[in-house]
Amino acid sequence: MDPNYSKCWSASKKESWKNILLLAYQSLGVVYGDLSISPLYVFKSTFAEDIHHSETNEEIFGTLSFVFWTLTLVPLFKYVFIVLRADDNGEGGTFALYSLICRHAKVSLLPNRQVADEALSTYKMEHRPEKKSSSRAKLFLEEHKSLHTALLILVLVGTCMVIGDGVLTPAISVFSAVSGLELSMSKEHHQYAVIPITCFILVCLFALQHYGTHRIGFLFAPVVLTWLLCISSLGLYNIFCWNQQVYKALSPYYMFKFLKKTRKSGWMSLGGILLCITGSEVMFADLGHFSYDAIQIAFTFLVYPALILAYMGQAAYLSMHHDASSQISFYVSVPEIVRWPVLIIAILASVVGSQAIISGTFSIINQSQSLGCFPRVKVVHTSNKIHGQIYIPEINWLLMILCIAVTIGFRDIKHMGNASGLAVMAVMLVTTCLTSLVIILCWHKPPILALSFLLFFGSIELLYFSASLIKFREGAWLPILLALFLVTIMFVWHYATIKKYEYDLHNKVSLEWLLALGPSLGISRVPGIGIVFTNLTSGIPANFSRFVTNLPAFHRTLVFVCIKSVPVPYVPPAERYLVGRVGPPAHRSYRCIVRYGYRDVHQDVDSFESELVDKLANFIRYNWSQSPVNFDSVNEDGGSRSSEGRLAVIGMLASDFDLEESVRPESVSISFPTVNSVSDVIEMENVGVVDKRVRFAIDEPKSDSESEFGETFAADALLQEELQELFEAQQAGTAFILGHSHVKAKQGSSILKRLAINYGYNFLRRNCRGADVALKVPPVSLLEVGVVYIV
């Protein structure tokens with residue numbers, strides 16, 4: 001991973017036209033691979049059975065009109081000009097929209113929100129004035145807890161449909177490209193050749209995933225560019241050669257004429273027409289790798305015209321070849337002299353398009369895992385230079401098996417198209433609904449504007465969705481079945497994660513209990529560092545109290561580590577660690593909160609132990625450089641309560657500030673315009689606990705003279721002593737203390753809850769990666785404490 005966390009583009013600097021055009025060219029291979037190969041199967045899937053190509057050409061012209069206006073309204077108007085602007089720090093996708101909504105309204109189900117998170121540089125909020133109507137919508141959404149659950153389920157459905165698209169797109173793309181052999185082979189040979197060749201290409205495609213795409217990624221853009229130039233050239237050739245009046249079919253009049261003649265059959269055939277916009281969602285999902293201008297230019301000036309010309313060329317050819325109605329496909333409109341080169345380019349383009357959706361599936365599963373919505377799986381970062389290129393072995397082989405099963409099971413484009421079309425429309429509907437909320441909550445626009453956006457684009461997508469849904473028995477059942485299965489897994493995992501967090505919150509131990517532990521109680525401190533992993537951002541976890549109760553000893557240096565996800569795409573490494581004391585300095589106990597965004601890969605540190613010790617050492621230096629300040633939190637009644645100590649953001653100072661030559665480029669606390677360091681963090685929602693209003697004290701900057709006269713030799717000696725003890729503890733060894741949990745539903749719980757918790761969640765927990773593997777804990781240093789959660 002790039003240690004500087006550099007992105008492909010910088011939003012803070014105005015890009016030159018040269019850089020924008022270069023990014024637009026690079027986006028062809030990553031963003032538009034899936035969308036550009038749709039001409040291979042749209043007409044063939046549309047005319048599969050529902051409608052027939054007649055002498056009047058009303059069907060073919062009506063289909064072309066539908067394709068033109070669908071491409072114009074959905075990818076061009078909706079995505080390029082509206083949805084792409086709903087980015088989250090330059091990132092797009094379903095979770096980007098959900099993250100934006102969660103930051104502007106308290107709708108997240110996981111109650112681990114901290115005030116300190118709002119000081120992150122990527123946690124920027126919109127500063128437009130909030131209108132009364134927007135405020136009322138926000139309050140309504142926050143007050144109804146059922147809407148929070150419904151919003152999460154909506155996001156999970158969109159996520160699962162993307163995963164389903166990751167199964168269907170490689171199958172239909174490669175199968176459609178290989179099916180061009182039917183014009184060069186006899187029917188008997190073609191029947192036994194296309195399926196094996198398709199399966200062989202799919203096996204090779206998935207087998208090469210663990211190498212990553214950075215080695216051959218430079219070939220993707222030339223392949224897609226060649227393909228786009230190829231289909232646009234073929235389109236122009238067919239238009240001028242066969243029917244120069246085909247442009248008249250772009251009039252919306254032909255859509256109404258088409259539906260008037262075909263009626264129900266025409267409506268059902270829309271399930272094939274909608275395949276022309278497969279891959280449109282990728283423009284938004286991959287926004288983080290490119291700029292808005294680059295994607296807009298590439299689609300508007302190259303991809304969109306090339307696709308329109310390709311469809312017009314096919315329609316022009318078919319309008320003059322009615323005898324070929326039984327063989328409506330892309331390849332019949334290709335001149336025989338260039339058919340083989342076009343076939344090879346089509347197969348390469350289908351592989352590139354499949355690669356894009358596979359990589360997108362890995363990415364969205366990693367995001368789901370980061371937000372606690374997916375069981376733990378192994379995530380491998382395949383590139384040290386390019387951030388975001390990941391590989392998930394379990395998911396890769398599962399996708400390969402499902403792709404091959406779809407290819408062998410369906411054996412034709414019609415059923416694959418019905419399944420793929422429903423998945424595509426479901427994702428687009430979810431994006432439309434979430435964007436409507438962003439328009440109100442984040443952009444502070446009038447609700448009537450959001451409602452207009454929802455009704456206009458939602459009605460178009462519902463029309464296509466209904467046409468796909470009516471073909472439930474003809475292939476559309478597959479994405480629905482996959483979505484139900486995956487949504488159940490993800491929701492059960494997320495529900496159990498929330499319940500475990502609430503249990504930890506109820507059963508956490510007070511700070512006074514920890515400070516009271518000592519030789520008088522028979523408790524001894526042993527050499528070394530004890531790293532206690534917990535989900536809590538404050539308080540002492542119950543698993544540590546059970547550990548001390550059964551083994552009356554703990555390490556001289558104690559660190560409570562919480563690894564949490566923040567609703568932002570990335571957390572810069574310089575702002576990742578939030579470190580503070582637990583108790584007085586003499587107790588040698590610390591708290592470290594490690595924050596990740598939903599697009600971060602949690603394996604960016606080879607040795608977490610060494611990184612943690614460095615951050616603790618830097619915190620100790622920073623802490624002793626400050627004069628003691630009383631960080632008391634005051635509640636509503638005016639009384640004070642003890643605090644664990646302030647939490648400071650520890651990062652690379654040299655990368656964030658211009659240092660004077662006399663200052664060493666060490667890691668110290670990063671200062672923010674609003675908050676330098678805060679005292680004890682609070683939970684967003686303490687279940688069963690009365691909410692309190694908390695005030696945070698802010699460090700006042702000291703002058704140089706005060707610092708020079710305020711420092712004493714005693715403070716310097718204490719600093720050196722604490723650092724020496726930390727490094728000696730590191731040499732003595734580190735123990736990682738994790739909770740080995742078993743979750744059980746409470747007595748009297750509903751049958752559905754008992755099934756979900758006692759069987760569903762525990763089965764997933766036993767068969768997924770353990771927390772020790774996900775955290776890269778050395779087995780020889782692992783101590784597991786059994787904890788039974790009664791939820």
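Including glycine, each Cβ sits where the backbone N, Cα and C put it.
Annotated in TrEMBL:
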- 23-515: domain 'K+ potassium transporter integral membrane' (DOMAIN)
- 527-789: domain 'K+ potassium transporter C-terminal' (DOMAIN)
- 20-40: transmembrane segment (TRANSMEM)
- 60-81: transmembrane segment (TRANSMEM)
- 150-172: transmembrane segment (TRANSMEM)
- 192-211: transmembrane segment (TRANSMEM)
- 218-240: transmembrane segment (TRANSMEM)
- 265-285: transmembrane segment (TRANSMEM)
- 297-317: transmembrane segment (TRANSMEM)
- 337-358: transmembrane segment (TRANSMEM)
- 395-413: transmembrane segment (TRANSMEM)
- 419-441: transmembrane segment (TRANSMEM)
- 448-470: transmembrane segment (TRANSMEM)
- 476-496: transmembrane segment (TRANSMEM)
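Counted as Cβ pairs under 8 Å, contacts with the transmembrane segment (60-81) are highest for 265-285 among 218-240, 265-285, 337-358, 395-413, 476-496. For the transmembrane segment (218-240), the partner stretch with the highest count of Cβ pairs under 8 angstroms, out of 192-211, 265-285, 337-358, is 337-358.
On the 0 to 100 pLDDT scale, the domain 'K+ potassium transporter C-terminal' (527-789) averages 70 in this prediction. Against the transmembrane segment (395-413), stretch 192-211 shows more Cβ pairs under 8 Å than any other of 150-172, 192-211, 265-285, 337-358, 419-441. Within its own chain, the transmembrane segment (337-358) is flanked in space by residues 29-31, 33-37, 40, 165-166, 169-170, 173-174, 176-178, 180-181, 183-184, 201-202, 205-206, 209, 213, 220, 223-224, 226-227, 230, 234, 279, 282, 286, 330-331, 396, 399, which lie at least six positions past its ends and keep a Cβ under 8 Å from the stretch.
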